[in-house]
Amino acid sequence: MGKSVVILGAQWGDEGKGKIVDLLTDRVKYVVRYQGGHNAGHTLIINGEKTVLRLIPSGMLHPNVTCLIGNGVVVSPEALMKEMCELESRGIKVRERLLISEACPLILPYHVAMDHAREAALGKKAIGTTGRGIGPAYEDKVARRGLRVGDLFNKEAFAEKLKNILEYYNFQLVNYYKVEPVDYQKTLDDVMAIADVITGMVADITTILDTARKNGEHILFEGAQGTMLDIDHGTYPYVTSSNTTAGGVATGSGFGPRNLDYVLGIIKAYCTRVGGGPFTTELFDDVGAEIARKGNEFGAVTGRPRRCGWFDAVAIRRAIQLNSISGFCMTKLDVLDGFDEVKICVAYKMPNGEIVEYAPLAAKDWEGVEPIYETLPGWKENTFRITDVNKLPQNCINYIKRIEEVTGVPIDILSTGPDRVETMILRDPFAA
């Protein structure tokens, strides 16, 4: 009997989802993206070769896997073609194995221009977006004015819709933000040049997934960003523009929620965050700098340095509630090698003195929050590339067990290096 497994970030993104998707793809027929856009950077290292996928599902590196882009994903035609060409130049067959929902909203140059203009206007209060037009594209979707992949089938109607929406955007860009307008003809020509390639990959994603389930096929749903960046449940307004939680699978792919069997939450052995917003356990000392250095904490898409801090079990408890997480995969365990002590945030002290065990929702409710830590002995031994759990240092094992205790969720997979072979599967999500 086939299983449907969701892989998603349980923190603020950048947890190492791409590697784990790639690892588990060996046993699936389909890998599905259901939210986000090319603001996601999933880094895979296979046999020492590095690949960063932003829009195409990570299963594309497996020749027997079909990759699906669901309706919840915003698609930049330019970014999609660039990524396809990069993979095809390496001999990977993409367009024969990539299927796209016609309901995917399109990201076009005016979305990018608006994204940049808004961030510049916000100055120090900027959200910290990737500047790739994700938010404005989702806005158009909700406002019911957006262009979608399906619109590319009727080129005359597309041109007319584009003209109207570009007038709307250019009026704001020129008159309010005082920046250059986006050129209509160039935008139209660039999209039309690749329209046939994109429409050639359009398919009924919901029916494909339903048929696969009925045929007993394994399906993997690949999340982007992380739980605490969810548009509804994250640290609003310092969030992304899509539902990064498990509920986004159903709405973003058309797959019935009762058909999901297992939710794997990816967590780092510590915490990181890119951009603005609350981060209770953030470290500003030498320890934080050392974690960033050892963990090579720079964004795969933006190159921005990530903020680093101790493991936050309070935020994770919220992620467990939101996602009904079945088990964790802990990545970058080896980054904590060599520290005299390691810490776990087990509660927050609110400004009024109240002790809470679950993270607040809105960013404003995090102001003045203090972390309450448990301190555990660190380990000096090297855990890098260890693939036998029994060979881990005892203090490392104690740290893992304590995280399981304070969160109430088992750690089913451990990662001790960037390559997919540097992994320990303690409980197989497809057999759970």
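Glycine is no exception: its Cβ is also placed from the backbone N, Cα and C atoms.
Features reported for this protein in Swiss-Prot:
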- Asp14: active site, proton acceptor (ACT_SITE)
- His42: active site, proton donor (ACT_SITE)
- Asp14, Glu15, Gly16, Lys17, Asn39, Ala40, Gly41, His42, Thr130, Arg144, Gln225, Thr240, Arg304: IMP binding site (BINDING)
- Asp14, Gly41: Mg(2+) binding site (BINDING)
- Ala300, Val301, Thr302, Gly303, Arg304, Pro305, Arg306: substrate binding site (BINDING)
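Feature annotations (Swiss-Prot) mapped to structure.
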{"residue": "Gly16", "record": "IMP binding site", "Cβ contacts under 8 Å, 6 or more apart": "Ile266, Lys268, Cys329, Thr331, Lys332, Ser415"}
{"residue": "Gln225", "record": "IMP binding site", "Cβ contacts under 8 Å, 6 or more apart": "Gly9, Trp12, Gly13, Gln35, Gly36, Asn39, Ala40, Thr240, Ser242, Thr244"}
{"residue": "Gly303", "record": "substrate binding site", "Cβ contacts under 8 Å, 6 or more apart": "none"}
{"residue": "Arg304", "record": "IMP binding site", "Cβ contacts under 8 Å, 6 or more apart": "Val274, Gly275, Phe298"}
{"residue": "Pro305", "record": "substrate binding site", "Cβ contacts under 8 Å, 6 or more apart": "Ala292, Glu297, Phe298, Gly299"}
{"residue": "Arg306", "record": "substrate binding site", "Cβ contacts under 8 Å, 6 or more apart": "Asp14, Thr272, Arg273, Val274, Ala292, Glu297, Phe298, Gly299"}
So which one is it: of the binding-site residues Asn39, Thr130, which has the fewest other Cβ atoms within 10 Å?
Thr130
Densest Cβ neighbourhood among Asp14, Gly41 (recorded positions), 10 Å radius:
Asp14
Local backbone state of Gly303 (substrate binding site), from DSSP in three classes:
coil
